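Sequence annotations record features per position, and here TrEMBL assigns Zn(2+) binding site to A:C339, A:H390, A:H522. The feature domain 'TGS' is assigned by TrEMBL to A:1-61. The domain 'Aminoacyl-transfer RNA synthetases class-II family profile' feature in TrEMBL is assigned to A:273-545.
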Amino acid sequence: MINVTFPDGAARQFPEGISGFEIAKGISPSLAKRTVAMALDGVLADLADPITRDARIEFVNRDDPRALELIRHDAAHVLAEAVQSLWPETQVTIGPVIENGFYYDFARDEPFSLEDFPAIEKKMREIIARDAAFTKEVWTREQAKAFFAAKGENYKVELIDAIPVGDDLRIYRQGEWLDLCRGPHMTSTGKIGNAFKLMKVAGAYWRGDSNNPMLTRIYATAFAKQEDLDLYLKQLEEAEKRDHRRLGREMDLFHFQEEGPGTVFWHPKGWTLFQGIISYMRRRLAGDYDEVNAPQILDKSLWETSGHWDWYRENMFAAQSAGDEAEDKRWFVLKPMNCPGHVQIFKHGLKSYRDLPLRMAEFGVVHRYEASGAMHGLMRVRGFTQDDAHVFCTEDQLAEECLKINDLILSTYSDFGFDKIVVKLSTRPEKRVGSDALWDHAEAVMGRVLKQIEAQSGGRIQTAVNEGEGAFYGPKFEYVLRDAIGRDWQCGTTQVDFNLPERFGAFYIDADGQKKTPVMVHRAICGSIERFTGILIEHFAGHFPLWLAPEQVKVLTITQDGDAYAREVAEAAKRAGLRVGVDLRNEKITYKVREHSLAKAPVLLVVGKKEAAERTVSIRRLGSQEQRSMGLDQALAMLQLEALPPDQKRLRAPDAVADGAAVELDGKRVVAGQL
RNA sequence: GCCGCAGUAGCUCAGUGGUAGAGCACACCAUUGGUAAUGGUGAGGUCGGGAGUUCAAUCCUCCCCUGCGGCACCA
């Protein structure tokens with residue numbers, strides 16, 4: 001007999017091997033009917049599984065959050081059956097649950113297209129309506145291999161070969177169809193319900209390896225209820241409205257064109273935003289870092305020395321004199337990184353241990369030849385600006401420098417409105433330079449730093465370790481921030497480099513008069529400013545806090561009678577340091593309000609006869625219908641204060657805690673994600 | 001780079017084997033209005049580029065470029 005404990009704390013004895021289904025049925029037939037799976041000591045299992053030990057049991061129904069994964073997983077099986085029944089020559093491979101849905105990879109000469117979706121969905125509904133039970137069988141390796149080999153399912157055979165010897169091979173049947181699967185599953189296909197949708201087709205390499213054949217992947221999603229599915233689809237639409245490429249066009253921030261694949265044409269407003277970010281970073285560096293600027297193109301030999309020519313040649317641009325008769329036909333490399341240049345600056349003149357730590361920053365423009373399929377708006381470009389810096393220090397200073405960088409990164413993110421941060425330590429990759437002893441040492445230091453980061457944050461910062469994900473030249477921290485709609489972006493990075501100082505022969509004179517190789521730390525906070533701008537656009541949905549908004553104030557006239565006063569207001573706003581535009585066009589005020597609201601102007605100052613007579617302005621904030629009348633000087637003083645970047649606000653009111661996540665709207669503080 | 005899809009006016013999109021259309025934006029005219037679209041007129045396109053099929057190609061075929069969705073990559 002075994003002891004089974006129920007969620008209410010009651011315990012009962014049952015014969016060993018009794019199934020969850022039998023227990024549920026014993027309690028009530030309706031419980032058995034609505035239960036799709038069980039959890040034993042918190043672990044999901046098939047309801048039909050025999051229970052062979054004392055356990056805490058929970059009956060999971062469709063509405064249980066844990067059932068969502070089962071619904072999706074079961075739907076993946078049904079998708080595979082549907083596809084194979086429509087196109088029997090198709091081989092099935094894998095079909096995992098992913099965030100927000102699931103996919104299934106198929107091998108077929110002709111890839112699926114969106115036109116196939118209605119037929120597949122129809123077939124899936126048929127299979128679900130049949131409501132065949134999911135039943136589990138355990139097969140031997142030979143039996144399974146023979147079965148799938150006979151069906152021509154070569155990928156499944158490969159999968160079986162990859163399963164560790166000794167593990168059970170589980171087969172799940174759903175009526176006529178079956179699949180190799182780890183499980184668990186719900187009791188029958190009918191439990192999936194009809195709140196599912198095929199989303200898109202895509203190519204994907206078998207086992208994620210680009211040397212392998214490409215399969216055709218069908219992405220889909222499923223929910224317990226239709227309302228949930230509808231909500232999800234709605235969220236996708238909302239996310240699309242934030243797309244920085246769309247907002248970049250609508251807000252006239254930047255554009256791309258064919259002649260410059262992966263390179264940005266920044267328009268005045270976009271460049272103002274971009275430069276606003278750089279100005280902020282410059283202020284944050286002042287005092288601690290020296291800003292430098294290294295050449296854009298340097299002789300190929302320097303990149304051979306740095307190792308880039310060997311490691312990344314495929315991804316670099318090179319330039320040469322265009323003149324056929326030029327006396328110098330050397331190849332110059334368009335810099336893909338700033339570090340070799342910075343090492344040259346470090347090496348210029350003897351350095352003493354007293355000069356360390358030496359922190360060298362550059363807003364350097366780098367070019368990398370990204371694969372054509374990799375480009376994506378501002379997020380992945382071929383020419384971009386890094387907020388890059390290199391810290392030259394001693395071994396002893398390494399931990400402290402990492403922590404100092406950490407403080408700078410976290411406070412910067414907070415100023416930009418990001419508060420959910422994950423810090424990941426990436427350790428030695430297979431392909432690397434430097435002795436194991438060096439790696440041991442650096443990883444130990446960084447491991448300690450990581451623990452301290454977590455401890456310092458009081459639980460706000462999550463940490464993780466990515467084994468084997470380090471750069472070839474050293475371990476690194478990666479800073480991942482979460483935006484207003486829950487997407488994660490890796491931006492900042494702190495990387496220890498064992499390679500470069502030695503390759504270039506950089507050294508300093510230590511206290512004992514001996515030459516020593518400095519430790520070099522690469523670090524970036526925003527990473528690519530282009531990409532960071534894109535992230536900010538999407539995070540704020542174009543609805544920037546005042547300090548970032550390219551045009552902060554727009555003065556609108558009601559009739560031409562207000563023109564003179566409007567110009568006066570704009571002049572005064574400009575003197576107050578605000579970025580201001582005037583709209584004197586002969587258009588109705590409703591027209592102007594609509595247009596500038598769509599363009600996401602944060603503050604509209606409407607002026608007419610009344611305002612001109614009283615020296616006031618009528619203020620309308622983006623996202624609000626309300627208007628507030630205020631004296632001109634008072635209004636400008638208020639806006640001037642609000643427009644102060646967070647770092648300068650701190651200087652003015654040292655006690656005030658910066659809260660970059662909040663945006664002021666009509667005097668109310670609003671979290672960016674709720675805009 | 002790989003798989004699939006797409007490219008028509010500044011933007012969003014319709015369309016046809018007989019060299020093109022709408023709305024918005026733009027220009028001009030009238031209108032001078034109190035917080036999300038005033039009316040009229042006009043201008044604007046070698047239909048991504050090249051080659052082929054055809055009497056005739058924006059439309060069909062092939063190649064290339066660029067973009068989009070994924071995959072792979074991301075120093």
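From the backbone N, Cα and C atoms, a Cβ is placed for every residue, glycine too.
Curation does not apply to TrEMBL; its annotations are automatic.
Ranking the binding-site residues A:H390, A:H522 by other CB atoms within 10 A of the CB puts A:H522 at the bottom.
According to DSSP, A:H522 (Zn(2+) binding site) is assigned to a strand segment.
When DSSP labels each residue, the domain 'TGS' (A:1-61) comes out as 14 helix, 28 strand, 19 coil, counted as helix, strand and coil in that order. Under the three-state DSSP scheme, A:C339 (Zn(2+) binding site) falls in the helix class. The secondary structure of A:H390 (Zn(2+) binding site), as reduced to three states from DSSP, is extended strand. Taken together, the residues of the domain 'Aminoacyl-transfer RNA synthetases class-II family profile' (A:273-545) have an average pLDDT of 95.
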